[in-house]
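Here is what TrEMBL says about this protein:
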ACT_SITE  K14  active site
DOMAIN    84-165  domain 'GHMP kinase N-terminal'
BINDING   P115, V116, A117, G118, G119, M120, A121, G122, G123, S124, A125  ATP binding site
ACT_SITE  D157  active site
DOMAIN    221-297  domain 'GHMP kinase C-terminal'
Amino acid sequence: MTTKTAVTVRVPAKVNLQLAVGPAREDGYHDLVNVFHAVALFDEVTVTGADSRPEGACAGLGVEDATGGGLAAHVARVPVDGTNLAARAAELVARTCGGPGAVPPVRLLLRKAIPVAGGMAGGSADAAAALVACNTWWDAGLTRADLLELAAQLGSDVAFPLLGGTAVGTGRGEVLSPVESPGRYHWVFALAEGGLSTPEVFAAYDRLRPDAPVPQGDPDLMAALAAGDAARLGAALSNDLEPAALELRPELGAVLECGRAAGALGAFVSGSGPTCAFLAESPDHAAAVAAALEESGRCERAVTAYGDVPGATPV
Ligand code: ATP
């Protein structure tokens, strides 16, 4: 067993460059073509030993705002009990070690910079980081393939932050094929007050698109990525969930408009929203788009981040 005092893993947020959504399946899930792209907006998950012997392997979980106040309201919405996806990830790793009784109990600390319920898969990112951190802490010996399998059990979006980079997800989004892309892209994210529930956004989508076709990849998007061409990528960005998110949050339309007016190469709702994402030409342009968004008063905060970046990494 380890002699470490703590293990910390840093994990990126994602933005979907394409999110094509099929009709609801009989099991309630949707078939997706989901082009994930990891961006340099990171949560950190730290595992330490715990004194108490809890029912499970996770004796406690704390959440902090890593941005120095910018995400205080977001952090307050994160559950600190066994329903937290990072705690569930820890329990899953413990089970592979023979059950919670077979491993010393741990505490998890999440330091969040990824908006909560913002369509950037922050909870899934924390779960991926907790898988990696607990694997190290308990010397569980799980391979990358093992971790990817556990990730798929936790949720459709948990496998991608283990890989990072850019990848196409099919099925429920969990079957991943990495995409080589030589470019570095400069993004702006407009954060909104209050989250949007992913299941509610999918339900609105089902209402709006009862005739949704089988989702297909977009050759133009893949060509833009292969060429590292930001302008072409900006024109190809797409999100089938955007009309549903806009129906639930009509005010996001003005946020998108504001980014377009500031010259963004592409403007779209990130995943299930309400975060809006903008592709900029350069780091300076990203800073200018972010300033325009903040000055408009139409978003809570605007942050810049480049992509892509590697997945969950011990620090
Ligand atoms: P996705 O894009 O994967 O649907 P999201 O980015 O919209 O997710 P999350 O930040 O993952 O949303 O949070 C969704 C909900 O999950 C939150 O409202 C919260 O109740 C719950 N949750 C569970 N674990 C976590 C976690 N570690 N961090 C944030 N939220 C969590």
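Just so it is clear, glycine is given a Cβ too, placed from its N, Cα and C backbone atoms.
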Recorded positions near ligand 1 among K14, P115, A121, A125 (Cβ under 6 Å):
A121
Using Cβ-Cβ distances, find the residues under 8 Å from G123 (ATP binding site) that belong to the same chain and are at least 6 apart in sequence, listing them in sequence order.
V78, N84, L85, A86, V116, G155
Looking at the binding-site residues A117, A121, A125, which one has the fewest other Cβ atoms within 10 Å of its own Cβ?
A117
Sorted by sequence, non-P115, V116, A117, G118, G119, M120, A121, G122, G123, S124, A125 residues with Cβ within 8 Å of centre, ATP:
A13, I114, G271
Measure from the Cβ of G119 (ATP binding site) and count the other Cβ atoms within 10 Å, all protein chains considered.
29
Recorded positions (K14, P115, D157), the one with most neighbouring Cβ atoms at 10 Å:
K14
Which of the recorded positions P115, G119, A121, A125, D157 has its Cα closest in space to the Cα of K14 (active site)?
A121
Alpha-carbon spacing, G119 (ATP binding site) to D157 (active site), which is rounded to whole Å:
11
Does DSSP give G123 (ATP binding site) helix, strand or coil?
helix
For the domain 'GHMP kinase C-terminal' (221-297), how many residues does DSSP put in helix, in strand and in coil?
45 helix, 11 strand, 21 coil
Going by Cα-Cα distance, pick out whichever of the binding-site residues P115, A117, A125 is nearest to D157 (active site).
A125
Mean pLDDT, the domain 'GHMP kinase C-terminal' (221-297)?
97
